[in-house]
Amino acid sequence: MTPEEEDLIRRRQRSRSIVVAVLLAALVVLIFAITLSRIRLAMT
Amino acid sequence: MTAAVPLLPPADWRDFLALTKPRVMTLVVFTGLCGMLAAPAVDGRGIDPVIGFTAILCIALAAGAAGALNQWYEADIDALMRRTAKRPLPDGRMDRQSALHFGVGLGAFSVILMGLAVNLVSAAILATSILFYVLVYTVWLKRRTPQNIVIGGAAGAFPPLIGWAAATGSVALLPLLLFLLVFLWTPPHFWALALFVKTDYANAGVPMLPVVAGERVTRRQIGLYTIPMAIVAVAPWPLGLTGWFYGAVSIAMTAAFAWMAVVVATRRQQPDDAMKPEKLLFKFSILYLFGMFGALVVDRWVLA
């Protein structure tokens, strides 16, 4: 594997990891908001 | 000694996004949202905004999953058509297994999230719409019958049904009519496009009506499908399911659509023809669907 190929792979992996991290964070916020909504719906 | 398979670098995340066909999602999200907003309040309460957002998110993710699985299955014919040759799979930027895993994972996630966060009825319809689009349309019909676009149109008709079910936990006559409207709208919409866009479906061996049955049959089918579409489009008003605003808008827009469809159905392509009526019908058909669903929401929220 050439250094250029290795660099491309590293860059791809890093950008994919960042995207997955952002998506997981968004999912946590969404689940938290859904939980609050569900609690509020159950209480009214 | 087996030949060494060239090792692909990990696909770029933008290619995963491209798999989901983001442009197709806008109509799906819009009609799903309108189905949700048109739904009546349950126990005196509309859908909770967060739950509503989650339902629309699931509809969009499911549409993306269906798009990814469609591209996974059609990588071979996508390579043969100019319009699709630059997609991630035919262009060699991603291996097919990654697309399959991504599509199945995204689809399963959207159905599970809908089931847990919203309700089981909408999750069941969501799962049905994904399976319908992938198995019935993509795998079974697309390569076998010129009516593929008619049946496939049903996949695009599910979102208003899902939006309504998300808001009410059930299905009713109005969302079924909205389903039928999108279902019957798809053939004139798509065949009008197929008349003026030299689609190279023939190279890929996909039986599209203009290619298989010719221009005259296609024009007649556009006219014929417009009749039941017009009936279904206006029906909610006399049935008392909507107010006068939707009734007025639906009659006016459907009359315009029908007029354009009659012009297309009764003319023949001339040499060096600019195909203006066909392009007009295609463009108006998009405005028509947005107008009809928009009128429905205005009718419910503003005038009710």
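Cβ atoms are placed via backbone N, Cα and C, with glycine included.
Now, the feature entries from TrEMBL:
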TRANSMEM  B:24-44  transmembrane segment
TRANSMEM  B:50-73  transmembrane segment
TRANSMEM  B:99-117  transmembrane segment
TRANSMEM  B:123-140  transmembrane segment
TRANSMEM  B:161-184  transmembrane segment
TRANSMEM  B:222-239  transmembrane segment
TRANSMEM  B:245-265  transmembrane segment
TRANSMEM  B:286-303  transmembrane segment
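Highest Cβ contact count with the transmembrane segment (B:161-184) among the listed stretches B:50-73, B:222-239, B:245-265 falls to B:222-239 (criterion: pairs under 8 Å). Most Cβ pairs under 8 Å to the transmembrane segment (B:50-73), among the stretches B:24-44, B:99-117, B:222-239, belong to B:99-117. Put simply, of B:24-44, B:99-117, B:222-239, the stretch with the most CB pairs closer than 8 A to the transmembrane segment (B:245-265) is B:222-239.
Counted over residue pairs separated by six or more positions, the transmembrane segment (B:99-117) shares at least 3 Cβ pairs under 8 angstroms with the transmembrane segment (B:123-140), which defines the two as touching. Taking Cβ pairs closer than 8 Å, the transmembrane segment (B:24-44) reaches residues 52, 55-56, 59-60, 63-64, 67, 156, 159-164, 166-169, 174-175, 178, 182, 289-290, 293-294, 296-297, 300-301 in its own chain, all 6 or more past its ends.
Listed by sequence, the residues of this chain that lie at least six past the ends of the transmembrane segment (B:222-239) yet keep a Cβ under 8 A from its Cβ atoms are 150, 173-174, 177, 180-181, 184-185, 187-188, 191-192, 246-247, 250-251, 253-254, 257-258, 261-262, 264-266, 281, 292, 296.
Tertiary proximity for the transmembrane segment (B:123-140) is limited to same-chain residues at least six positions away from its ends with a CB under 8 Å from its CB atoms, namely 58-59, 62, 65-66, 69-70, 73-74, 107, 110-112, 114-115, 148, 151-152, 154-155, 158-159, 161-162, 165, 171.
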